Amino acid sequence: MAQLANIGELLSMLDSSTLGVRDDVTAIFKESLNSERGPMLVNTLVDYYLETNSQPVLHILTTLQEPHDKHLLDKINEYVGKAATRLSILSLLGHVVRLQPSWKHKLSQAPLLPSLLKCLKMDTDVVVLTTGVLVLITMLPMIPQSGKQHLLDFFDIFGRLSSWCLKKPGHVTEVYLVHLHASVYALFHRLYGMYPCNFVSFLRSHYSMKENVETFEEVVKPMMEHVRIHPELVTGSKDHELDPRRWKTLETHDVVIECAKISLDPTEASYEDGYSVSHQLSACFPYRSADVTTSPYVDTQNSYGGSTSTPSSSSRLMLFSPPGQLPQSLSSPSTRLLPEPLQASLWSPSAVCGMTTPPTSPGNVPADLSHPYSKAFGTTAGGKGTPSGTPATSPPPAPPCPQDDCVHGSAAQASATAPRKEERADSSRPYLHRQSNDRGLEDPPGSKGSVTLRNLPDFLGDLASEEDSIEKDKEEAAISKELSEITTAEADPVVPRGGFDSPFYRDSLSGSQRKTHSAASGTQGSSVNPEPLHSSLDKHGPDTPKQAFTPIDPPSGSADVSPAGDRDRQTSLETSILTPSPCKIPPQRGVSFGSGQLPPYDHLFEVALPKTACHFVSKKTEELLKKVKGNPEEDCVPSTSPMEVLDRLIEQGAGAHSKELSRLSLPSKSVDWTHFGGSPPSDELRTLRDQLLLLHNQLLYERFKRQQHALRNRRLLRKVIRAAALEEHNAAMKDQLKLQEKDIQMWKVSLQKEQARYSQLQEQRDTMVTQLHSQIRQLQHDREEFYNQSQELQTKLEDCRNMIAELRVELKKANNKVCHTELLLSQVSQKLSNSESVQQQMEFLNRQLLVLGEVNELYLEQLQSKHPDTTKEVEMMKTAYRKELEKNRSHLLQQNQRLDASQRRVLELESLLAKKDHLLLEQKKYLEDVKSQASGQLLAAESRYEAQRKITRVLELEILDLYGRLEKDGRLRKLEEDRAEAAEAAEERLDCCSDGCTDSLVGHNEEASGHNGETRTSRPGGTRASCGGRVTGGSSSSSSELSTPEKPPSQRFSSRWEPALGEPSSSIPTTVGSLPSSKSFLGMKARELFRNKSESQCDEDSVTMSSSSLSETLKTELGKDSGTENKTSLSLDAPHPSSPNSDNVGQLHIMDYNETHPEHS
């Protein structure tokens, strides 16, 4: 709390009127900021500034260095989010960024930038918006790389504020809308200068929508008319603009100058673009009258620089008159010219301007540049600025400049003419007023004595009225035609949007309106509390035409004729020459803001727009102020413009004309001949006409020289502008160099301090190092001792481990001994029960021993009495008894231990026997499981075998049928010869079947057709064998040669029936006569099939399981088949089931049908 109270006292002392106290407190704060790293002090300063607006606190905050920049930005970001403090904190931010701190590059990464953009997107307070936009414009050149992240936000803000300028809410003061419009133009200028490709793309996409077209036409298009085509639009791209490498080589002022180069506005463009500031240097001259009717800015049709002129320029002319007096054209319309003495030699404006002989022929001058200043000042070449008596040889009136041409006029011409529009006459000369375009329609002819510039055409017209009526009518017709051309272009004014006059629009009021506003301006200037400029601007807003955007001109002080006013004006010009304001409000404008102070964003206009021109203005102003203080009469003459020289020329001509009239020998000089209807003498008229013609020729010559000098000046002005820009750049670089030198000095001082501090720290480090080295050595010594001790302990530990290992071994042995001892104890306990008798005997013996001991004692006493020494003998006997007793005990222990060990061995063997029995049971169970599994697998294999056998049997039957058909077809030609043999064979088969088989024969009749189409008789084709019979073949048929189709049928039949004749007791299968022979492959296969068929029928009744494995069955298949054939050779009368061996069927063998198989014979 004490510290907070101390900070409060110091803050109150900051606003002290004593400069020393203030400096001391500021130094204390800076030292505190350098020493303290926390945010508390910065937050306190920000809060105090927001409460009091203290300038010393502002100075401290704007000079903060790292690391307090983060604290300041965080605090500003916090207050930006609050509506109550948003305006004040944005003003503070503007002051901070305006000074371009060293940590300005951190602004792009700080959270303050998104908060500022959000505020500009959502806030509705026009003052806050204006301040925020100006702050953003100031920050953009410092953080150009932020465009890659926030470029769309910048464009959205521009689109929102441009439409805001068009909507113009009624609750907002119009002056603030004017300021907002100025800030939007500055934002347009900055975005177009930095990101032209992206910005033009945004404008194309955003304003191509129907709802934004009006905003484009009213706001954005006039802005675009005042910028050049950016080179990046041709050579660059969107990605290149956002590339950070583009901005690495550019400083902040480089970015600002690059943006300024693309402007066409003479008051906004950079100095090298032909900007002339002579109108700002006119503070050393007494200002002309501010009558709007004499202003060259008001004519939009004939004004050469009308496209870049603003109503603020005419408004400034209105305010150039002192507040306490009316404009001269209104207050003293009949003031007469003060005649000057006629010089001995012919007076020439070129001599007054200090010009030499003009350059060569103007043959190359374009037609539109022949009379630039006459266009710029609303005069024509035909003599609107000359007497009305100009002969017809004068050049014809130049056509008025169209509005489009004026808008798109050359920047060089605009810069060469527009700045000269406000130049003032010499302080020693009276006020002169250039002629207005519509003066001839409004002002009646004045008296001859009124020789002001405005009354000069009437005066000259009175002089020329004595000419003949034809010439007078011609002149009046020419004047009327010229005036009609001027007034026709101004006849249809368009009321601007919003009903107020902003400085971004052109003014083309009619003459009566200008007079009204001029009078109003003079009336306001004469009041006690004069109203500010914008109040007079607001009054004539409804009468102004549709306006075009133009930038803000730097301010100019109000006119004051008195010397005190001159001093005040010079002082104000010196102090505020670089403080532009949107409306160029003079110091009295503070009344409009209520508090008597400038708006909070006024200081930001200096950095929002290019300031090269402002620096040039300040430099030239200082030079001219010095010249005015030294010799204003002589020094200011060369600075006069050609138009002022032309005014002086007309003044000189009027004076010469009056002197010539005074020299004439007229009867009465006061007689007005034209008034009385007469005519003056011819010689006087001729003299006057000659002199007037001479004067007109001189004016034409001077105009020609002025044009040539203007061309030359424009060429030189470009060089001067570039030189001044380079000087300004050098000055900026020098300032930057000075700042860097200051920084270098500061860093050198800090380096020295740091070096001293480093030396102290080095000494402290050395002492600490020595101490640490000694400590390290001590610790190393201790470590070595501890290491030795640890080694000793390690060896001891190893010994202890070895001892423990030995002890464990001994423990195991001891445990074994204990086990044995326990066994022995158990045995001993058993034996002790058996040794009770031995104990009784021992007790008895002990009793006897006691008795004998007593007897022995008696004997000993007797011996002692007899003195014999028997102690040795007794001791030896005792030791002998003891040893024997110990021996017996040890023997007993051994016996007990052996008994225990044998018992334990018996127990172990019994346990092993039980385990083995258990294993045998498990193996038996496993064998039973294996047997059951094998039997299951065997049954599955047999079932598969049976199924495969049936399938094979069916296939073989089909194959045999096919082979039989083939053989039958081959034997058709010999079938007739074999009928007899076939019939006999059939009878024999029938006889055999009736004797040995109880089954009926199934005959198979075959019908065969011969080659001649005859039908053959059918023969039985097969038999069904008995259940126990099996068809077998003899060994002779198995060993016989292969049957071939070439064999005769008789041989085949004889060989086929040989086994049947040789074995009468065996069952003979019933065959068909058409079957193949027994020696052929088909015959063998047929026999095997019949045998297998009968075997399968018998197997269905007697199927048993075989104990052998499937593999053994398959190996012994052939032998079992032969055995089965021998067993089945039974009589058909007594069939019986086959043996169990008949269940084993041989493996199926598929062979070539053309070969014989001896195993299946």
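Numbers here mean position along the shown chain, with the first residue as 1.
Including glycine, each Cβ sits where the backbone N, Cα and C put it.
What Swiss-Prot records as phosphoserine, among SER35, SER331, SER469, SER592, is residue SER592.
Among the ranges 138-176, 879-917, 918-956, the one that Swiss-Prot lists as coiled coil is 879-917.
Feature annotation from Swiss-Prot across SER332, SER394, SER502, SER562 places phosphoserine at SER502. Taking a C-beta cut-off of under 8 angstroms and a sequence separation of 6 or more, LYS30 (ubiquitin cross-link) has the following same-chain neighbours: ILE60, THR63. In the three-state DSSP scheme, LYS30 (ubiquitin cross-link) is classed as helix.
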